[in-house]
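*Asks:* For Lys216, the entry in TrEMBL reads active site, schiff-base intermediate with acetaldehyde. Annotation source TrEMBL lists active site, proton donor/acceptor at Lys252.
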Amino acid sequence: YEGHNKDLSWISKIQVNHPAVLRRAEQIQARRTVKKEWQGRAAWLLKAVTFIDLTTLSGDDTSSNIQRLCYKAKYPIREDLLKALNMYDKGITTAAVCVYPARVCDAVKALKAAGCNIPVASVATGFPAGQTHLKTRLEEIRLAVEDGATEIDVVINRSLVLTGQWEALYDEIRQFRKACGEAHLKTILATGELGSLTNVYKASMIAMMAGSDFIKTSTGKETVNATFPVAIVMLRAIRDFFWKTGNKIGFKPAGGIRSAKDSLAWLSLVKEELGNEWLKPELFRIGASTLLSDIERQIYHHVTGRYAAYHDLPMS
């Protein structure tokens, strides 16, 4: 799958069986149970914390709310709750902190001050629309990496998918890959804007062939974000790619994942489609900004038997 001059004509022949995908999604959503071998719900919830890319992507981000976010990433669950679960000192942190390029310096600085090496992920390439000049998009990646981002969440140019320009999409993502250097490339497909599940599969394949380390469902800014049917198609693409190449590519659902129950459904889905070996931060992330507070509330309830008041679990 490396190298240029490849024939991508097979891509246009792919067809996804839409009704079958919807049936599978319904099956999974009907089950939504936590498997017994995960020593109970609390352990499963703590596991979910370690997959979170704790995210803030707002126009009013400032260095102080980035600082709070970074502190929360290092100490995601209150100390006394972790002690009650015998999980204190187990180094439970979120998987990464995800911010806009202009805030990467703030995040790197805050995490360094907290004495912690959680990765900083930066969105780039004209996020969320991806409608800026290619030159600008590539420069944005380089600047974020220079400022210390070790993961880059790029957005693809949706128009290339909608008009079937697969070679152009491949070439563009190859350039993103090159601009990332050592940094991990997470490619956001913005699946709610790709028009069909067939396009989702094709875009997933191209993104992986072009060197993405992760494929991600959404920016969180589209009207439709992470859904199970889309995820099933992306996970099957990851599985097919693994069978063809032996390369394991990561998966990141994002947008609208707010409740602890939702996060468990996503873990369950990945476990069923790809197996336990994908359930580690190197291959699975959840993009979220408010999910962590609900998980912490659920853990609080598990430990104390009562529901937390707002002031019991402040942001940091």
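Note: Cβ is positioned from N, Cα and C throughout, glycine not excepted.
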*Asks:* Which ones in the same chain are close to Lys252 (active site, proton donor/acceptor), with CB under 8 Å and 6+ residues apart in sequence?
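*Replies:* Within the chain, Lys252 (active site, proton donor/acceptor) has Cβ neighbours under 8 Å at Asp53, Lys186, Phe214, Ile215, Lys216, Thr217, Phe284, Arg285, Ile286, Gly287.
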*Asks:* Can you tell me how many other Cβ atoms are located within 10 Å of the Cβ belonging to Lys216 (active site, schiff-base intermediate with acetaldehyde)?
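*Replies:* Other Cβ atoms within 10 Å of Lys216 (active site, schiff-base intermediate with acetaldehyde): 28.
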